[in-house]
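Down below is the structure, laid out as structure tokens.
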There are 2 protein chains.
Amino acid sequence: MNTQALLQTATEPQLVSERDMANAIRALAMDAVQKANSGHPGMPMGMADVATVLFNRFIKLDPLHPQWPDRDRFVLSAGHGSMLQYALHYLIGYPDMPAEELQRFRQLGARTAGHPEYGHAQGIETTTGPLGQGIATAVGMALAERLMRERFGAEIVDHFTYAIAGDGCLQEGISHEAIDLAGHLGLSRLIVLWDNNSISIDGPTSLSTSMDQLARFRAAGFDVWDIDGHDFEAIADAIGQARETDRPSLIACRTIIGKGAPNLQGTEKTHGAPLGDAEIAAARAAIGWPHAAFEVPEAIVETWRNVARRGADQRRDWCARLAASPDMGVFKSAVAKELPETLFEELDAFRREHLEKATKVATRKASEMVLGVINKATALTVGGSADLTHSNLTLTSGMGSISARDFSGRYVHYGIREHAMAAAMNGIALHGGFIPFGGTFLAFADYARGAIRLSALMGQQVIYVMTHDSIGLGEDGPTHQPVEHLAMLRATPGIDVYRPADIIETAECWELALKHRNRPSVLVLSRQNLPMLRLAHGKENRSSRGAYVLRETAGPRAATLIATGSEVEIACAAADILRAQHGIAAAVVSMPCWELFEKQMPAYRRSILAAAPRVAIEAAARQGWDRWIGENGDFIGMNGFGASAPAADLYRHFGITPEAVVERVRKLID
Amino acid sequence: MNTQALLQTATEPQLVSERDMANAIRALAMDAVQKANSGHPGMPMGMADVATVLFNRFIKLDPLHPQWPDRDRFVLSAGHGSMLQYALHYLIGYPDMPAEELQRFRQLGARTAGHPEYGHAQGIETTTGPLGQGIATAVGMALAERLMRERFGAEIVDHFTYAIAGDGCLQEGISHEAIDLAGHLGLSRLIVLWDNNSISIDGPTSLSTSMDQLARFRAAGFDVWDIDGHDFEAIADAIGQARETDRPSLIACRTIIGKGAPNLQGTEKTHGAPLGDAEIAAARAAIGWPHAAFEVPEAIVETWRNVARRGADQRRDWCARLAASPDMGVFKSAVAKELPETLFEELDAFRREHLEKATKVATRKASEMVLGVINKATALTVGGSADLTHSNLTLTSGMGSISARDFSGRYVHYGIREHAMAAAMNGIALHGGFIPFGGTFLAFADYARGAIRLSALMGQQVIYVMTHDSIGLGEDGPTHQPVEHLAMLRATPGIDVYRPADIIETAECWELALKHRNRPSVLVLSRQNLPMLRLAHGKENRSSRGAYVLRETAGPRAATLIATGSEVEIACAAADILRAQHGIAAAVVSMPCWELFEKQMPAYRRSILAAAPRVAIEAAARQGWDRWIGENGDFIGMNGFGASAPAADLYRHFGITPEAVVERVRKLID
């Protein structure tokens, strides 16, 4: 359907103007912020005209079926303007966004949180607020759309991703990574609407930037438009054209922040504080809005509801096309992210095979081997790496690289862009149809922190493959050697951090990451080879309880050694020495996942940790370990940053050796 | 001195060609990587010609006086090419870089670490390796140079900052933030040399980027050149011109990665692995280098030493100018970062005054008041914020905003660029002459993680002012409410994390941050008002021991409540209830800085924590607290992410109240 047709559908009969429609947004935004005595009226008022044209003439969605897979994705990257989104949802008629919700803006338990929170209200496609995340997440959504379209055809997958971004979004570094990736892949269905209001919190943007954003986006491979963001026809023309080009689009919308507030508009004073009763009254007069607070005339609401009617029609047509498609089953299975049961059977066979072979490989290599099984058994996985493919070992045979000319593959060369990779994976997961995984070095989780936190906050199944997980990476030195990163990830709510000790645990942890549908996982993997430590095969996934006794003592325990990943080998060696040379019975507990262990019943936890003195071994910071070792326990790990040297030298230098463990245990039980 | 003059100084008599000089770098790089069996030969070999011209004809430094304040700053942003820097240091004649150090490349204790590590060898201006950090740190150095030049004049401060950046540096988001800032401020003494070799680790850069870098840098306000990076005269012309323009410069140097290795050059195979004996032999033949491994002919070394001779002359002239300057004393004091003793006397008076007044303010407001005292007493501080000036309260009267037209001020509007702000502060601190501080919300420490870690690793006095430190920020919701950030920062080695409870502790923590010259500090501050809790004035800075008993019990303790920041008020209220209503004697320990408490003698620590059951209260994740509360203690804080609501509602909702503390204590001592 072309622009003109959409326009007619939406605006006939034209009793209510788009100006009226936009003013409804303005009024609701200033009223809600005033009532909450908190919030950001400037952006919704400034972008009301752009949003009105976008929704009134173009957007495809059905508020009664907010999960409809072929809906357009709308991302409010400038999330502080949340009242823009809530006002739209109310006006269009999302059932979960009655007027009362607008009146409860920013109150406990309201759907109308301070920033749009995924899962709080229908139609919020992603959580925004930390600037730049929205635009980068939108890149992932547009990529997922393109990949789905390649698989299922434009009859079934044919939607746009629209993102409204502010100056802050474009200043943040993540925006650079994201637009470079989008431009490179030619994601033509991505349309960024920049609220070009020249104001940020400190004052005019000229305080801090002189960037020529149009030139910058052009350099990244975008088509660009520079328009008056209060000219309805100019907005419509630009969006209409942007939909037709074969590159991603930036529409720079020159706007007046807080437009409508006669004394404050155009200044940072409208950005993040209520306008005040007097200015709101003045604004009502200025825009010709004589209605009471939160009141929108029926005719205006009715006109807005045309958006929903159009969407319902579009969805009905789409349902018919899907029903007629031979791919319907596969499509529905993809949207539901259904993994075949055979996958888990094959993983079980994989574990049995390598237990028998006692395969000794680095856990990053084990991960690659497991991925070989997974990627063969399901087409849901989309992998990638931030330019460390052959180090992270994230690419398995037959995946095929994705490029602007070929979307049949399943592997993304994300470039040296950890932050955009993580945000794009959020977007892929949120879009649906795929389970994304992506690799970098564990130390560079730092660069992706902002987006990893959102994976967790949104409960998205994003799988991080983080290799080179300790001083065990050796010569690259302290900048590349994680020390505090396990603590940082474990402290983050809602994310499972796995540090497997051998190939068997690696397969188990991958299985858990696939099965835990509503949370991100981080697989923390070694660069260096590690022996296979498991003694016998059981169907049970022993890692699933977070920690288990890998080596039990013959008699009563004199000590318990707790370790993760590459240090489990050291713990086993120490236990052997303790038994053979000192007659001390020390059990070894492998603890691949703290979060899962925390969820076990206290009795299970006690049975694993036991009463005897405990020593934990992990080539990382101590923080958090006191919880498991108790006041009388001890810890062997890193007390500061690493160093550049061969790995074996470093383990000796930092005293992370079986001998050191033996010494500490002997001191403890003396 | 103009380019031509420099050229003549350096190259007469021209017995040894720059080609020979560059080949010495190539040979040393491939030999050292081969011997270490680890490292990155491709970049040093590809950029050898550019580096030779830069050092031979332009750079100003004196290896015998590596701390000379007016030296040019050289930053190897593509830090994996560390052998380029080590080879240069050896050839120029840094006394601490004999040939033996090159042979110990990447070995334990060597100065020649895998990546350039600040403090390991003279002349390494900053630690690099995490990509993009170097270029952003260089922006801070160039800014510091410009500010110093404004203060002391070009007779004394007149140097350039050169950064060699790779494709990775330019793909990372931080580069966007950094070049936007540099272009905006017109830092004309910043010259970025881009190793434009079209290869990254995964393969050709065309796998992941289509960015027009020249257009992008132009959009940011840079002058740009596009040259053959193996044409000595083209390199010299570009650098010569770049030094003369009034904007920062990007010189895109088209190079062949691994140039000289006949069978591997131009491919990613030369990037990160030894070339192998056969290829090295072939390279020796190809470049006409018949010398043994690590051997450089005397004539070539001697020619390289001209760089040092030129630098020594330049330094001698500079010393004469400084000696003749009326500003010599002030300049030396600035370089030494000497704080006046009066500053600390005034801080003491400040504490006394507000103790008497019982001033009740948010700790962010207290910080602003303290900063008023500090910034008046010393000109060393350079402040700023990532576009949250009026929220972080980092600007005090009379500081003056820095802009491209005015460098007389002391306040940087860093823009919405937390990562570049942190890296630029590293650069300012490393450059010398200033103590930088900068603000953002604590939650957005995430965005700056990469650079914060380097502040710590390099031991630089950078002061982070991180406000809005918990759910206490209220309505902005979970994206803005830190939960795991205290744990993340505390887990990071080498950084002091302060969370003061009132205005007195805020002044104490600022004092400590100023006194601790060789480490970064993070001041974690509340948005909401907090009462003054200290009971009596003592000269002693009680925060300096990390934790102290704020409220002791009359008789023996039945319990100890430990808290930080805004939760100390809650602990005090709980102690009052426990005493008044339940006859339970609970002491209150305020613990503004874990790191300092850890450094105390065990006897002091025991006296503070005592034997009675302990409950810790902090509106953040539990991780790490078990160390202080022990196995029988309890913790009241956050078990997941926050929510959007007024602060008081959130404290109740998450059960962080005096009543909850009372209940837990009663349960514990039952």
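Residue numbering: from 1, along the chain as shown.
Here the Cβ of each residue, glycine as well, is placed from N, Cα and C on the backbone.
Curation plays no part in TrEMBL annotations; they are all automatic predictions.
Because the structure is a prediction, the values reported are computed rather than measured.
Quick look at what TrEMBL lists:
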type: ACT_SITE; residues: A:Glu418; note: active site, proton donor
type: BINDING; residues: A:His40, A:His271, A:Arg364, A:Ser391, A:His468, A:Asp476, A:His480, A:Arg527; note: substrate binding site
type: BINDING; residues: A:His80, A:Gly129, A:Pro130, A:Leu131, A:Gly168, A:Asn197, A:His271, A:Phe444; note: thiamine diphosphate binding site
type: BINDING; residues: A:Asp167, A:Asn197, A:Ile199; note: Mg(2+) binding site
type: DOMAIN; residues: A:361-532; note: domain 'Transketolase-like pyrimidine-binding'
type: SITE; residues: A:His40; note: site 'Important for catalytic activity'
type: SITE; residues: A:His271; note: site 'Important for catalytic activity'
Per DSSP, to which secondary structure element type does A:Ile199 (Mg(2+) binding site) belong, with helix, strand and coil as the options?
-> strand
So which of the recorded positions is most packed in, judged by how many other Cβ atoms lie within 10 Å of its Cβ, out of A:Asp167, A:Glu418, A:Asp476?
-> A:Glu418
Quick note, binding-site residues A:Asp167, A:His271, A:Arg364, A:His468 vs chain B, Cβ pairs under 8 Å, ordered by sequence, gives A:Asp167
For the recorded Mg(2+) site formed by A:Asp167, A:Asn197, A:Ile199, which further same-chain residues have Cβ atoms within 8 Å of the site's Cβ center?
-> A:Gly46, A:Gly166, A:Asp195, A:Asn196, A:Ser198, A:Ser200, A:Thr205, A:Thr255, A:Ile257
If you measure C-alpha to C-alpha, which of A:His271, A:Asp476, A:His480 (binding-site residues) come within 10 angstroms of A:Asn197 (thiamine diphosphate binding site)?
-> none
Cβ packing number for A:His468 (substrate binding site), 10 Å threshold | 27
Shortest C-alpha distance to A:His468 (substrate binding site) - which of the binding-site residues A:Gly129, A:Ile199, A:Phe444 | A:Phe444
If you measure A:Glu418 (active site, proton donor) to A:Arg527 (substrate binding site) at Cα, how many Å is it?
-> 19
List the same-chain residues at least 6 positions away in sequence whose Cβ sits under 8 Å from the Cβ of A:Arg364 (substrate binding site), in sequence order, or say none.
-> A:Ser391, A:Asn392, A:Leu393, A:Val465, A:Thr467, A:His468, A:Leu525, A:Ser526, A:Arg527
Counting distance between Cα atoms, which of the binding-site residues A:His80, A:Pro130, A:Gly168, A:Ile199, A:Phe444 is nearest A:His480 (substrate binding site)?
-> A:Phe444
Three-class DSSP assignment, the residue listed as 'active site, proton donor', comes back as helix
Site with most surrounding Cβ atoms, counting all protein chains shown within 10 Å, from the binding-site residues A:Gly129, A:Pro130, A:Gly168 = A:Pro130
Counting across all protein chains, other CB atoms within 10 angstroms of the CB of A:Arg527 (substrate binding site) number 22
Report, as a single number, how many Cβ atoms besides its own are within 10 Å of the Cβ of A:His80 (thiamine diphosphate binding site).
-> 26
Could you state the CA-to-CA distance between A:Ile199 (Mg(2+) binding site) and A:His271 (substrate binding site) to the nearest Å?
-> 8
Where's the emptiest Cβ shell within 10 Å among the binding-site residues A:Asn197, A:Ser391?
-> A:Ser391
CB contacts for A:His271 (substrate binding site) [other CB atoms within 10 A, all chains] | 23
How long is the line from the C-alpha of A:Asp476 (substrate binding site) to the C-alpha of A:Gly129 (thiamine diphosphate binding site), rounded to the nearest angstrom?
-> 35
Quick one: mean pLDDT on the domain 'Transketolase-like pyrimidine-binding' (A:361-532)?
-> 98
Nearest to A:Phe444 (thiamine diphosphate binding site) by Cα distance: which of the binding-site residues A:His40, A:Asp167, A:His271 is it?
-> A:Asp167
